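Notes to accompany the following structure.
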Amino acid sequence: MTSPQLEWTLQTLLEQLNEDELKSFKSLLWAFPLEDVLQKTPWSEVEEADGKKLAEILVNTSSENWIRNATVNILEEMNLTELCKMAKAEMMEDGQVQEIDNPELGDAEEDSELAKPGEKEGWRNSMEKQSLVWKNTFWQGDIDNFHDDVTLRNQRFIPFLNPRTPRKLTPYTVVLHGPAGVGKTTLAKKCMLDWTDCNLSPTLRYAFYLSCKELSRMGPCSFAELISKDWPELQDDIPSILAQAQRILFVVDGLDELKVPPGALIQDICGDWEKKKPVPVLLGSLLKRKMLPRAALLVTTRPRALRDLQLLAQQPIYVRVEGFLEEDRRAYFLRHFGDEDQAMRAFELMRSNAALFQLGSAPAVCWIVCTTLKLQMEKGEDPVPTCLTRTGLFLRFLCSRFPQGAQLRGALRTLSLLAAQGLWAQMSVFHREDLERLGVQESDLRLFLDGDILRQDRVSKGCYSFIHLSFQQFLTALFYALEKEEGEDRDGHAWDIGDVQKLLSGEERLKNPDLIQVGHFLFGLANEKRAKELEATFGCRMSPDIKQELLQCKAHLHANKPLSVTDLKEVLGCLYESQEEELAKVVVAPFKEISIHLTNTSEVMHCSFSLKHCQDLQKLSLQVAKGVFLENYMDFELDIEFERCTYLTIPNWARQDLRSLRLWTDFCSLFSSNSNLKFLEVKQSFLSDSSVRILCDHVTRSTCHLQKVEIKNVTPDTAYRDFCLAFIGKKTLTHLTLAGHIEWERTMMLMLCDLLRNHKCNLQYLRLGGHCATPEQWAEFFYVLKANQSLKHLRLSANVLLDEGAMLLYKTMTRPKHFLQMLSLENCRLTEASCKDLAAVLVVSKKLTHLCLAKNPIGDTGVKFLCEGLSYPDCKLQTLVLQQCSITKLGCRYLSEALQEACSLTNLDLSINQIARGLWILCQALENPNCNLKHLRLKTYETNLEIKKLLEEVKEKNPKLTIDCNASGATAPPCCDFFC
């Protein structure tokens, strides 16, 4: 058990870290070999924890020694000298950290195992040759070894290369995961070189590189044959090398590119390295540690293979390789351009496109962007249009590598065919036999090798790959977009390439996620200006049918059902990529109801581009994620003069927010320009004061015809006040919902009251939910209701109203001029004490027909008071919802008596109440001819045959009565379904 002193010390240390430092601490923590209990803890809990909570998690899941070592080593790695000294002084026994001076795995047995004569020299000679080749092929466009620093940042998380990592009895399995092109393979190869570096290790160590791209082409073999294929000179030494497994590092590169049927990696696994097996079986045996269990493993993969890997790897350590972070990209631009102004302008252009900026984490994409924009700037061209879309940038890069009028039509067709065939086959590396099968000559590729579109493997000269996966996707889209020659296979069936409809189908994309971005690029190539640019350079023409094919596919997508949020996001992204207004008009024309979830500024831009053409749109549901707008920032004005004077001098975060607000302004114009838009829902949204004001500005305009508005769970709290202010005097508004767990401020109450008392107010439905108001505020609100003549339906569900507040409302409703017809007080913390005054309302009210008291513990006494009101001849109540109100048998007796007296009640909800035998008493009323009840909702009684039979008899005697017994617990329908 961890000592209280250690827990207190750890908490004190962690609480001194700022937000960024705590985030770094967690990242470094992940690189440590976690103990079993901590390893099973959901990492999301660790990510969300503050310093105090993180300390609690660690002391509850890890041993004292582990906590001491990990804390001191991580603080030292973060260069937090003072905190590190404090940790050593307070936490360490004997004042020492248990560090590992020798980074090797294994134990004393390793040192006693000697290599054969000549084996050591032969292995190191081979590795030195390999090292020279790898070091020359790591990065595209490297500047002053810039990428080495980025790689080293990730390399320190590899535990078997970190001398400070605590010794582990079992060997490590490390998984490097991340998107394509961010440097996973480079990092893995550098780890191999460091593992075998004679300067770092006094004993001989071995490393074997297993490329899954290559292994997919191999037939059955033994494991010894598998690893010796690249080392023929060491073939005789393989048995003695494998006998020293604790000295071996295996790198399994690109697990996601291993083409195997589901489950192939976990079938027929074996531990005999001399036995011939299919390559997937050998890899599965290695990962499951059936084969050479004492070896260290380093696996690289894209995220899509992580789920399968979890079934194979034994207690893996996951290291996310992120490539270039934002600061890396900025530094890269500065080095590439040389001129700071040009570099920062280009960098801001890339950052303005979220999709392009995300791709920029790959060094190759950063190089493409820099190369393209620098050339444009040198020519005096405006680079802004180029960065609007990824298609525009990639097309400009492609055309810039060749002179205009080069007439390379055939060569470009060949290249696009190669890209498409590879993408459909989920293949990124092409061998000579692949080229031969497609009828491609290696000489056909020379131009694109020289233009840095393709790369040739310096080790295997007959292997080719594209500069980046995204560029292969772009060229695949080009395959579909180019006009085909007479007699040419239009859809590529001869090469197992799907047609456009198949490309855009959800089924194919699930099997091959790389196809998704091809659709975006294909829309981008449907642009007329881009078609002319391509024709001017290569002499190629775009197919006149491609735009129509895209329209047909998208029409089919939402022909029979409304689009999901994800599908809509993709459609809008594709339309923006096209930059074709006419195309957007045709695609969005059928939309009448849509739901949007905005997660970044690019999505705001996509929506504003297309939805302004959606003139038949009637309902819009909007959700804005945290981070789209910045909080707690200086309130900058948006006038043009301000931006011209200060744009380059204000902080980056403010500049980014200014851009977000400009795009948001364009998006919000939809509310004042579309006369058919009647319903707006804003829910679970993180807005800012400025973004709320912009939205309200468009809502207040006379050209906005919104009738129904729902604002639910929105921040900041002041947004509710601003919306109330915007709706004052809004004639068209008939339904308003303001829900969310917020504290009412006086100004918001004033705005809401002004809205209700305004002579133009036509509000018929008002819902207030989750508000904490004082009795004085409720009194002010209910006082205003006296003067309002339009409001018919009031829902105060989930408010802290209490009996005191409810009685103030009932007092208002006993006045002869109140107009409320429907009242919901669900979950307002009411008791039987308020029901006597409510009964008086039932007696005198000529308007009230619907009443909901669900989830209030009024009990049988409360029901008694209500039934007294129901029994009066002048009572007009038709629907009464008493779901989950603590009603028992006695309450059923009161209800039965009221129903038999021919009261006006036609709908009654008693679900989620333990009425037990009270049901028999209630059934007496249901069989009485004076009972007017038509719909009764009860708790589920499927398992009670006696009650089931009783209800069937009641239905036979009263065929006009509907009894709903499917309303219990979590499956109970919402009260509002029954109430309206």
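Indices start at 1 and increase along the chain as displayed.
Backbone N, Cα and C atoms are what each Cβ position is placed from, and that goes for glycine too.
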Given ranges 104-123, 484-503, the stretch to which Swiss-Prot attaches the annotation region 'Disordered': 104-123
Long-range Cβ neighbours of the repeat 'LRR 8' (902-928) (under 8 Å; 6 or more residues past either end): 854, 870-871, 875-893, 895-896, 934-939, 947, 950-951, 954, 957-958, 961, 967-969, 972, 975, 978
Overall pLDDT of the repeat 'LRR 1' (614-638), taken as the mean: 78
Contacting positions for the repeat 'LRR 6' (845-868) when only residues 6+ beyond its ends and CB under 8 Å are counted: 797, 813-814, 816, 818-832, 834-836, 838-839, 874-888, 890-891, 894-895, 897-898, 909, 975-976, 979-980
Among Ala180, Val182, which are binding-site residues, the residue with the most C-beta atoms within 10 angstroms of its C-beta: Val182
Secondary structure composition of the repeat 'LRR 6' (845-868) [DSSP: H/G/I, E/B, coil]: 10 helix, 3 strand, 11 coil
Beyond the flanks of the repeat 'LRR 2' (674-697) by 6 or more, those residues with Cβ under 8 Å of it: 612, 614-631, 633, 635, 657, 660-661, 664-665, 668, 703-716, 718-719, 722-723, 725-726
Entry from the binding-site residues list Pro179, Gly181 having the most other CB atoms no farther than 10 A: Gly181
Lys184 (ATP binding site): tally of other CB atoms within 10 A of its CB: 26
Count of other CB atoms lying within 10 Å of the CB belonging to Thr185 (ATP binding site): 19
